[in-house]
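*Asks:* Take this structure first; my questions come after.
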Number of protein chains: 2
Amino acid sequence: MSKPTLALVGATGAVGTVMREIISSRADIYGEIRLVASARSAGKVLRVRGEDVVVQALAPEVFDGVDIAIFDVPDEVSADWVPIAAARGAIAIDKSGTFRMNPQVPLVVPEVNPDDARTRPLGIVSTPNCTTLSMMAAMGALHAEYGLRELVVASYQAVSGAGVAGSARLYDEIEALAGDRTIGQTAGDVRKALQNKLPEESPFPAPVAFNVVPWAGSLKEDGWASEELKLRNESRKILGIADLKVSATCVRVPVITTHSLAVHATFAGEVTVADAHRILNAAPTVVVMDDPANGVYPTPADVVGTDPTYVGRVRQAIDFPNTLDLFVCGDNLRKGAALNAAEIAELIVATEF
Amino acid sequence: MSKPTLALVGATGAVGTVMREIISSRADIYGEIRLVASARSAGKVLRVRGEDVVVQALAPEVFDGVDIAIFDVPDEVSADWVPIAAARGAIAIDKSGTFRMNPQVPLVVPEVNPDDARTRPLGIVSTPNCTTLSMMAAMGALHAEYGLRELVVASYQAVSGAGVAGSARLYDEIEALAGDRTIGQTAGDVRKALQNKLPEESPFPAPVAFNVVPWAGSLKEDGWASEELKLRNESRKILGIADLKVSATCVRVPVITTHSLAVHATFAGEVTVADAHRILNAAPTVVVMDDPANGVYPTPADVVGTDPTYVGRVRQAIDFPNTLDLFVCGDNLRKGAALNAAEIAELIVATEF
């Protein structure tokens, strides 16, 4: 069979940029690659696989002849355009939140539930939220052995989770505040210093430099943030545990890229640190960094830009039976977004083309 | 009775500086105030209550005639000198970790267990670790009404928890990295950029600018960090719950001052958000900031330098009965250190002098 044609929709964004790098550095399994973006970006020339490609404006015809279309666009754009791509015969892999909880759309992490990608009545496969993805390879491996029952999660989320504008805002804020060695010591001083130097409009609801902000996403019922509910609902769907108990608190931190999670995970039976290390070491895309005596644990700055899910600080909970506490880092633009979508595409190509 | 004589030991440090401000701004209940520090700082002139005071070198005689001595010095200095102060007749209020878990030393948060301060067979009262203190006023209020059973905590700890050197290091790192709008995007780039510009020695085991570091304190048994065990053991002692279940993961974040905690708290009976708000609003030193529809939740930058414990993001856990998820901020130098010690001293003066 001839090599499949790929369309990357949203090719100019933060994830789109990483997606082009990832597609360019992995096995070359595609024939034509089309880059698609909003009309504003049409005509731009971007590189993929070492070639210059002219960006096309999003239109129904760009999907003609496309086998696989990977979408990284806002929810409302996906809502409109993913079905159009599917109707034109493309298998649509969608990074947005629009279809993730649709029972007719599989939500896939290739290490965890690859078989789910085969059944897609709407022609759509969804890829999870970046926060959920940051831990999923690790939690999937532990679940397969131990049977996961409960998750209590606190996140340390990078600003690039809010796109290129998120990263730009943190760089801007740091530049505006650097050199003031009294900043961050008086209530409101960061906010005041930024008011004079930066536009009030920000991707974040509070200053993010010299700060942490306990909010990600939009307000849902009963005070929950959308990101916290995604982590709950998507974990249940990916792991296939309908009654998994999940509580999450999502917090933005002044890190450019790589989400971290403090995870308190309770399983069906007994767990030990040595055994958890064995399971995680055996998981192909998980790297264990867990030797605190020698200062070894994952941090965003040390793992950003790489593919694996990193796990450290694995401890047996002292007071909670069958429970591990651990710290996980994953690049939110790679495994958390572009890489997982690319892997879903590779999985489909390998098994169906 | 004449006004008591106070000695502040460790008057020149990060907490000592805040302590002098706090003593100067609250009701003036002391007679003489002596400032004490290491021999290196002796002879310095520092201000307290608007007066210049010459710093004295730590020596047994400085405690003669002292009624209350507040110590903010490293553990090993407290181990040597707190008993000397007590032997000379001072009531010693110690901020170090040395005596906190000693059954003959009360560990006191005035809002939670004020009566414990009355019985001190060694003449010593301990004040808790700053991370524990950041949440204790809030958790004490909830415990009094609901009966606390379990705590799962993830911390977002400020660099000034590591003293003046901790704050200096974050300012240094930010200055060294600001302006590079590619930093934090490639594994190890932050570390490499700092190597060329700053001394390798740091109060932190990894870069803290553009990063989070899942480590605080020293390595204890089974992979636990000392800070995580303190949070467990001190919470049990302060709240008087010998079998309280606690799991904590402590993480350093690039914030100068104010610790934040994501808390998952399980109680003996039913809880609601409205009722929790009522309890927390009634607690005199707790401020509820919980209106996410209007962007209201506590962040370190908005509350630093103030006294209360701030609580936001109060949610009823969806899958866990009798459980609240919440986000707490407290200034680690004020309530987390100097303020709590000052309040213990005030409590003792009010009831015993």
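From the backbone N, Cα and C atoms, a Cβ is placed for every residue, glycine too.
Copying in the features that TrEMBL gives for the protein in this structure:
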- B:Cys130: active site, acyl-thioester intermediate (ACT_SITE)
- B:His259: active site, proton acceptor (ACT_SITE)
- B:5-120: domain 'Semialdehyde dehydrogenase NAD-binding' (DOMAIN)
*Asks:* Drop a 10 Å sphere on every Cβ of the active-site residues B:Cys130, B:His259 and tell me which sphere holds the fewest other Cβ atoms.
*Replies:* B:Cys130
*Asks:* In the domain 'Semialdehyde dehydrogenase NAD-binding' (B:5-120), how many residues does DSSP put in helix, strand and coil?
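*Replies:* Helix/strand/coil tally for the domain 'Semialdehyde dehydrogenase NAD-binding' (B:5-120): 37 helix, 28 strand, 51 coil.
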*Asks:* Can you see whether DSSP assigns the residue listed as 'active site, acyl-thioester intermediate' to helix, strand or coil?
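*Replies:* SS state of the residue listed as 'active site, acyl-thioester intermediate' = helix.
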*Asks:* If one measures from the C-alpha of B:His259 (active site, proton acceptor) to the C-alpha of B:Cys130 (active site, acyl-thioester intermediate), what distance in angstrom results, rounded to a whole number?
*Replies:* 8
